[in-house]
Amino acid sequence: MSRVKELQKSLFGGTTSNARQFGMIFTLVAIVLLFEILTNGLTLNPGNLISLVSQYSYILILAIGMLMVIVAGHIDLSVGSIAAFVGIVVAKVMQDYSLPWFVAILVGLAVGALIGAWQGFWVAYVGVPAFIVTLAGMMLFRGGNQFIGNANTIPVPEGFRVIGAGFLPEIGPDTGYNNPTLLLGLVACVAIVIREWRGRRTRREMGADVAPMWISVIRVAVPLVVVVFATLQFAGGRVGTSFPVSGIILAVLVVIYSFITRNTAGGRHIYAVGGNARAAELSGVKLKRVNFMVMMNMSILAALAGMIFVARSAASGPQDGIGWELDAIAAVFIGGAAVSGGLGTISGSIVGGLVMAVLNNGLQLLGVGSDRVQIIKGLVLLLAVAFDVYNKKQGRFSVIESLMRPFRRDTPAPASPAEAEQERGKSPVAG
Amino acid sequence: MRNFLIRGVAAGAIALLSLTACSQRSEEGTTSAGTTEAAKGFPADSLIGVALPAKTSENWVLAGDLFTDGLKEAGFQSDVQYAGSSTTVADQQSQIQAMVTKGAKVIVIGATDAAQLSTQVEAAKAAGASVIAYDRLIKNTQGVDFYVAYDNFKVGQLQGQALLDGMKAKKPEGPYTIELFSGSSDDNNSAVFFDGAMSVLKPQIDNGTLVVGSGQTDIKQTAIDAWKPENAQRRMDSLLTSTYTSKTLDGVLSPNDTLARAILTSIKGAGKPLPIVTGQDSEVESIKSIMAGEQYSTINKDTRNLVKQTIQMVKDLQAGKQPEINDTKSYDNGVKVVPSYLLEPQIVTKDNAAEAYANDPNLAPLTK
Amino acid sequence: MSDAPVLLEMRSITKEFPGVKALSDVNLVVRAGEIHAIAGENGAGKSTLMKVLSGVYPYGSYSGQILYQGSESRFSDIRASENAGIVIIHQELALVPGLSITENIFLGNEPRRGGVIDWKTANRRAAELMAMVGLEEDPDTLIGDIGVGKQQLVEIAKAFAKNVKLLILDEPTAALNEDDSQHLLGLMREFRQRGITSIIISHKLNEIAETADSITILRDGQTIETLDIKADGVDEDRIVRGMVGRELHSRFPDHTPNIGEVFFEVRDWTVRHPIAAERLVSKNASFTVRRGEIVGFAGLMGAGRTELAMSIFGRSYGTYVSGQIIKDGQEIVIKSVSDAIAHGLAYVSEDRKSIGLNLLDDIKTSVVSAKLSKVISHGVIDQVREHRAAEDYRKSLRVKAPSVDDPVTTLSGGNQQKVVLAKWMFTDPDLLILDEPTRGIDVGAKYEIYGIIQRLADQGKGVVVISSELPELIGLCDRIYTVFEGTITGDIARADADPELLLKQMTSVKKAQRS
């Protein structure tokens, strides 16, 4: 195996979906660098990174739920309306009943869960396609938002605003940085190293090939550099700012949901249902329950996203959540999920969402109008997916390999003829 | 293996700690001027940000063009942005944030939703920028420095008066049947227009001269969501079917031109005689409509003057002077009374159009 | 035959994919008016060769020459080859279920008059073509409403509508029952009389031996030999030898059954069709399985074997009406697939690709998918245990794959089937129901699968095999039930089993009962 291939495989497992993520990470890095140059360093400036995270954390939270919905083979068009509905409910209960903000958050999550149960019921137990159920939900809860709020903008109290616009406190000795952010960065660094170390241990226990040490070093060093850089940027913003609270919420959710989707039976079942529902059912997967949970989970996350947005905007308004579903869906597909379900990862969707976010932010820093920003975002979505479709037609994906081919020393091991046949032909049976 | 682990952690920690030594964290954001007081002024070629709502009205497009030209003429760098048409609020939030990042000294904001910008306005403030609320007052934040707008209560009064005058001219004796429309409820100005108009109309309704055919006189009933013409047209369509199958409609109070034309379209579609319809903003199509005898009136709040006044404020801030203010009591945004400069609006009908727009290169030819 | 002029000659065709030579210097000579068979194991290059011929891989993407009707052809796409009269009918039929027979026959090739479809001509010609292929149906019937056998005939009629000179059939009888297969093969012989040349790709070697005039055998992307069936006296064993490159002494491994007590029994099992509620797909079916026994279920397509099996397996098909399941002397109630798995049942479906496997999975995920709980500790999937379990099966079942991390789509049919078997063996079942376990699998892999089935029986498990191939059932099973229209019509011990008796039980017994 060539070194490059080995690296690619060990980094991303070598499947096409992962390969697109690989491509998207490169795209993300390229876009970041491009804008960093075009904006004379504003893109990676602390203030901008902080606002980037707080501006897009709620969309990325939606993308987490949407990834699971799409992997299970559904779609959810109602997330924006649910977010707006929950937002207005929460703002209203705080205003009318002066509920403390943390109780209000629980109320919001509960409303989200109820809505999710409602939608999950129709999708899973009645069998109405999710597209229809959530299209209905989109209208239903948009109307609900206007009904409850009388199309007014309702402000929320200061305490509540922490989840959307809050920062970590300035504590500890004066290091010239925000100390809690530094601490977070340190935790992230340790986590990266431990993860790699445990990964190696697991591979060894399996009796599987353990990647050469140099690959592990790269796999630790590259993220470490990124994390250290990001930590210093986030910690080095204006006094009183830090890594945003909404970003921390997002990071925690990403870690939890990545773990669930990868390492638990529930996560496996989502992929099984999306990959082949009938096969999953005949393997003992409780199809209805999986569909129900996935839809319900999405609504809970939508509720959270809605509250974060309201907190950030300091008020719940009638235009909240419009178009969010499309941003979340775009992030998931750019991040490598398959339209037909069964494929995709949380981290991929986050990368996909970040590509859109950096693009949006960079273009705004350049003073490009929102009309043109939308045109560009539309094209990026189309091209990202078209690129993947094209690659699938051509056989195996490999941006890197095509870049590196001239430098390759050793030839790859030939695949068996049967394998080649399967890859090109549609039918693995006839040969 | 354990070595590997330890070495990895150590590398990360060392990198992190060694780099903390070279912090250049500023107390007041990235700006070197670093002051919250406008009085000190700032360089004459500084960046001025202008964030406007989506391009749903000609008026905003014109304002944007005027800002771009005017600021350039005054020697500033400008960044004029419109919110996207679908995700307006979120767009405007990130645009303002981007202006802050870019180090804008003054940010002029025509708010999409005046109550949802406090985080960004405060960020601007923290970064040392001044914030001018343009045309729409930004609510619930200490961060707004100035408000510049036409006197919107006056606008409403003029609209109400024009409605009455128009109907009288057509049919000397009442009672008159009318319908009321108001603007988007997330726009602070909608209520001001409406209240202004009602200050004229309410006495007439009470004494029976005016009859609101549908009985819908509450602002919540009359509001047109997002100022969208299709919403106005839809409401008018329903009113026509529900109330005016046999009755005659004499007049419609419309808060602006876009909605006025939508209302007229609806009435024309139903094949009814055209009532007196008011407007506001002096949009090209509406001037044509007025000259053709369809729409009755509009308001000339010459955007040129408003932009000119705003740019004057920016110039004053740059020079370190206190900008001119003519109202320090009326505009309470919930947490503070915002010092304001109010301009006088002018009512325009077919009779005075030529005179009113004599100086406007776009509109003057239409009035001949 | 060998004097007939050559219609098609493919000369030293080589087709490479990055890193792999799928075809290497392949030669094929087809004479006008013959039925030419192409045989080879999965992955031998048959489909690739046909794709080269039909222009799926356009001229330039391969090396070598295609001489057709005496001149060199350079097809740029399928349309080009179809215009030249070469029509390929794939195993997966390319018909639109919601359109009528006529509409499907002329799909993309509609007779027009002034830009408008000329339905009069279309219907008239459709009737002619249908008569030609022996299809008796109303031309307005929707494709979705007729059986697979008849759909196959529509495909052929469609080929004739395009003025076919060389008809290529890829596994035409794979999905057909005995009657339909015979009809189809008869049809091919009829076409030969009319001078139409056919190429047939088939795993059913007896069909080749019966029908074809000559055969070209491929192995590992190379031409092994071309034989004249009659002149060279080719029989099935001869073909097998060419395909696998060695002598297969027996098609079934030697096995001495070790049969124990009855441990699984189904009594009076009655099930309704899921949509047509008045139809019973299983009527009072009763059967038993002993430990260590391999029990066969014979029946025609649509006899209700799969339906019976699936409804027992957690009521996965139709509506349960009545019946009991007794296992180890106790009645058990199975209402869902997870119940079934918990009670030690396993069902390997007949359709690997559409309901047996998640084709997006890799091998290890597939293997553990039916009993994830075995690799979970504290709610978390233990990757080490998962990997080990899959690795064990990869080795013991000899799955040809470099690693259990490889996606299942990279495997050949036989190896995919082994993965499915591993998936169900992993659930530690007492009773395995295998539905068409060797469909679409080549000879060598079949032999291995039989071996696995026998080993399972030797471990004391009960194995139920549903198969449409009578020789397979007779060769493998200790006892065979025959099924006709949802009713079990016979229980035949291995010693008594012969095809004639089985066929009679599968068809005539019931007819006798009915009259």
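Glycine is treated like the rest: Cβ placed from N, Cα and C.
If you look up TrEMBL, you'll see A:21-38 (among others) marked as transmembrane segment.
Residues of the same chain lying 6 or more positions beyond the ends of the transmembrane segment (A:58-91) and with a Cβ under 8 Å from any Cβ of it are 104-105, 107-108, 111-112, 115, 119, 123, 129-131, 133-142, 144-145, 148-149, 154-156, 160, 164, 246, 249-250, 253-254, 257, 261, 270-271, 273-274, 277, 290-291, 294-295, 297-310, 312, 315-316, 318, 320-325, 327-329, 331-333, 335, 337, 339-346, 348-350, 352-354, 356-357. Residues or ranges marked as transmembrane segment in TrEMBL: A:58-91 (among others).
The feature transmembrane segment is assigned by TrEMBL to A:98-116 (among others). Within the chain, the transmembrane segment (A:98-116) has long-range Cβ neighbours (under 8 A, six or more residues past its boundaries) at 82, 85-87, 89-90, 137, 141, 156-157, 159-160, 162-163, 295-304, 306-307.
Annotated transmembrane segment per TrEMBL: A:122-141 (among others), in sequence order.
Residues or ranges marked as transmembrane segment by TrEMBL: A:210-235 (among others).
If you look up TrEMBL, you'll see A:241-260 (among others) marked as transmembrane segment.
Per TrEMBL, transmembrane segment is recorded for A:292-311 (among others).
TrEMBL lists A:331-359 (among others) with the feature transmembrane segment.
Look at TrEMBL and you will find A:410-431 tagged as region 'Disordered'.
Marked as compositional bias 'Basic and acidic residues' by TrEMBL: A:421-431.
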Intrachain neighbours beyond the transmembrane segment (A:292-311), with Cβ under 8 angstroms and 6 or more residues off its ends: 57-59, 61-62, 64-66, 68-69, 72, 74, 76, 78-80, 82-87, 90-91, 105, 108-109, 111-113, 115-117, 119-121, 123-125, 130, 133, 156, 160-166, 246, 249, 253, 266, 270, 320-321, 324
Beyond the flanks of the transmembrane segment (A:122-141) by 6 or more, those residues with Cβ under 8 Å of it: 69, 74-82, 84-85, 115, 287-292, 295, 325
For the transmembrane segment (A:210-235), sequence-distant contacts whose Cβ falls under 8 Å of one of its Cβ atoms, 6 or more beyond its ends: 6-7, 10-11, 44-46, 49-50, 53, 177-179, 181-182, 184-186, 188-189, 192-193, 196, 200, 203-204, 242-243
